[in-house]
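Lifted from Swiss-Prot, the feature list:
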{"type": "ACT_SITE", "residues": "9", "note": "active site"}
{"type": "ACT_SITE", "residues": "70", "note": "active site"}
{"type": "ACT_SITE", "residues": "145", "note": "active site"}
{"type": "BINDING", "residues": "9, 145", "note": "Mg(2+) 1 binding site"}
{"type": "BINDING", "residues": "70", "note": "Mg(2+) 2 binding site"}
């Protein structure tokens with residue numbers, strides 16, 4: 001039995017997504033990944049629309065068994081929190097319209113699942129994801145969001161493995 005898990009690191013300018021294939025007990029492979037890059041010149045409404053359309057296209061091509069997002073956290077700037085929350089809402093809606101369950105994990109929980117420490121740096125997450133899944137290009141400077149998305153998907157694979165395997 002296999003399972004596809006999609007992690008998404010949401011953003012109003014860049015959203016990373018990563019899909020892993022989970023086979024048997026903890027056998028995890030990278031399936032596909034990418035970054036949705038939006039223009040700061042576009043209105044927020046236009047960016048949300050483009051984010052929705054792009055992630056919908058990915059979900060139509062590859063229907064994962066679960067979508068995983070970071071939990072909402074509060075920025076120092078309340079407007080940033082609201083804007084990010086709206087981007088998350090667009091992503092949740094895209095999954096919900098396809099009856100794909102959505103799960104959330106705090107960033108420190110996802111980091112702990114991959115690096116072993118909840119306060120790991122983005123570079124440490126990139127390095128561990130690269131090594132775990134044998135994807136050297138995730139080490140590129142512009143792939144932090146993709147590495148975070150992989151970390152979320154891996155976190156869910158580890159957290160849900162007992163339910164996935166029918167073990168409690």
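Placed from the backbone N, Cα and C atoms, the Cβ positions cover glycine too.
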Measure from the CA atom of residue 145 (active site) to the CA atom of residue 9 (active site) and give the result in Å, rounded to a whole number. 6
Among 70, 145, which are active-site residues, the residue with the most C-beta atoms within 10 angstroms of its C-beta: 145
Take the Cβ of residue 9 (active site) and count every other Cβ within 10 Å, whichever protein chain it belongs to. 24
Given residue 70 (active site) and residue 145 (active site), what distance in Å do their CA atoms have, once rounded to a whole number? 11
